[in-house]
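For reference, Swiss-Prot has these:
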REGION    1-30  region 'Disordered'
COMPBIAS  10-27  compositional bias 'Acidic residues'
DOMAIN    35-293  domain 'Protein kinase'
BINDING   Thr116, Glu117, Leu118, Phe119, Lys166  ATP binding site
ACT_SITE  Asp183  active site, proton acceptor
Amino acid sequence: MMPPKPAAEDVADEQPEPPDEDPDVAEADPTGRYLRYREIIGSGSSKTVYKAFDAVDGIEVAWGKVEINERIMGSSKELQRLRTEIQLLKSLQHKHILKLYASWVDTNRRTVNIVTELFTSGNLREYRTKHKKVDMKAMRRWAKQILTGLEYLHSQKPPIIHRDLKCDNIFINGNHGKVKIGDFGLAMVMQQRKTRSIQGTIEFMAPELFGENYNELVDIYSFGMCMLEMVTCECPYSECKGFIQIYKKITEGVKPAALSKVKDAEVRGFIESCLASVSDRLPASELLKSPFLQSDDANHRSSNSVQEPVKFPENNFTKDEPIFVSLAPNNGTVNGKEQSFILVLQKSDFLLEGNMSTTNPVMLFLRFPGPDGKFKNVQFPFDMEKDTSLSVSTEMVEQLELPEWNNPVLAELIDAFLLHILPSWKPCVKVGKMLPSSS
């Protein structure tokens, strides 16, 4: 019979000395079960990860040491809260969350010690850098696993937000392609629905993190940046010089230059839905239903099934309102060819029209209510090979300074128009009921 497995204490003021017979061992945990080697396998601004060994199970593990700041060390209340959060993280059991074997607070050395399972293939950034040619099918599998892990974290009561999700903190087993979310050094249990402290890696931080409040949807934004890095092999905002320039772009809503390098409209649309404003951003449970992740063929499109587009939150003003469709005479020409009709779509006070032509780009005309209550008109080209409804509507909302809830309405009208002239078009948002116009 195996002896009972010892468990590390939550708090340890003194560390056992390393075994004399092994000079490579730097220290042991309070129970003596886990032995930390001197070999460093990862590091960050406040954390160092070492290779370690589980003497009971005979397996290699990872031992992370996270520095505790002065504010926590000087408060018994904060220390107790830290221990409570560590206990909760130890209780997490999910196939896409890195297993946490033991953890304890070392008050003398002012560190939190965390022992986890070891992934020998490293993190996703290292793996993607090593393997340049990765099919989108594999990246979709990674994305689904990451979102499944986030869905689990966010479904806890209260929800757990990671706050520092990035490719460095997602670990992969190269033998079977399994990925797990790890490095919970900044993870936080949401004692309230809103929180106010700012921590994380700036390139992956959602804009609302710089404001007063945020919730678990900041992890979805970070996931979108992870997807962007996976697809392009380029760190978001690598075009910027320094923290201030990145901060300015994020707070002004300017997306990374790498996004323009994503040529596949469906992939780009999925990433953009993750990077949408917080009021329009979908939770992990909804993103897992997206057509992009449901498709399994090499071109990530299925011709044998009809997928429901991602549902996008709408303003109550336009909720459930149908799109009225009509044809209007047009005596103009496109590329020298006569166009006898234009397609007109109207939803509430928004009107979109364009020629019944599949010539690329499609010229569209939009009539919409401006912030001052007066109707405004704008004409714009839509590149069916490069643009998505969401990328264009987001740009229009930003450039024209429209309310955020206009975004899904405009995207829906664009997708509805394109479905009429190109039935194979894959919409980014849910297209509601379309009815013939009486006028």
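Using N, Cα and C of the backbone, Cβ positions are placed for all residues, glycine too.
DSSP classifies Lys166 (ATP binding site) as coil under the three-state reduction.
The two recorded residues Leu118 (ATP binding site) and Asp183 (active site, proton acceptor) have their Cα atoms spaced 12 Å from each other. Here the Cα atom of Thr116 (ATP binding site) is found 9 Å from that of the residue listed as 'active site, proton acceptor'. Comparing Lys166 (ATP binding site) with the residue listed as 'active site, proton acceptor', their Cα atoms are 10 Å apart once rounded.
Among the record's ATP binders, Thr116, Glu117, Leu118, Phe119, Lys166, no two C-alpha atoms are more than 19 Å apart, and one pair sits at exactly that spread. DSSP assigns Asp183 (active site, proton acceptor) to coil, not to a helix or a strand. Residue pair Glu117 (ATP binding site) / Asp183 (active site, proton acceptor) shows a Cα separation of 11 Å. Taking only the Cα positions, the spacing between Phe119 (ATP binding site) and the residue listed as 'active site, proton acceptor' is 12 angstrom. Sequence-distant neighbours of the residue listed as 'active site, proton acceptor' (same chain, 6+ residues apart, CB-CB distance under 8 A): Gly44, Lys47, Gly64, Leu98, Asp164, Asp168, Asn169. In the three-state DSSP classification, Glu117 (ATP binding site) falls within a strand. With a 10 A radius on its CB, Lys166 (ATP binding site) counts 23 other CB atoms from all the protein chains.
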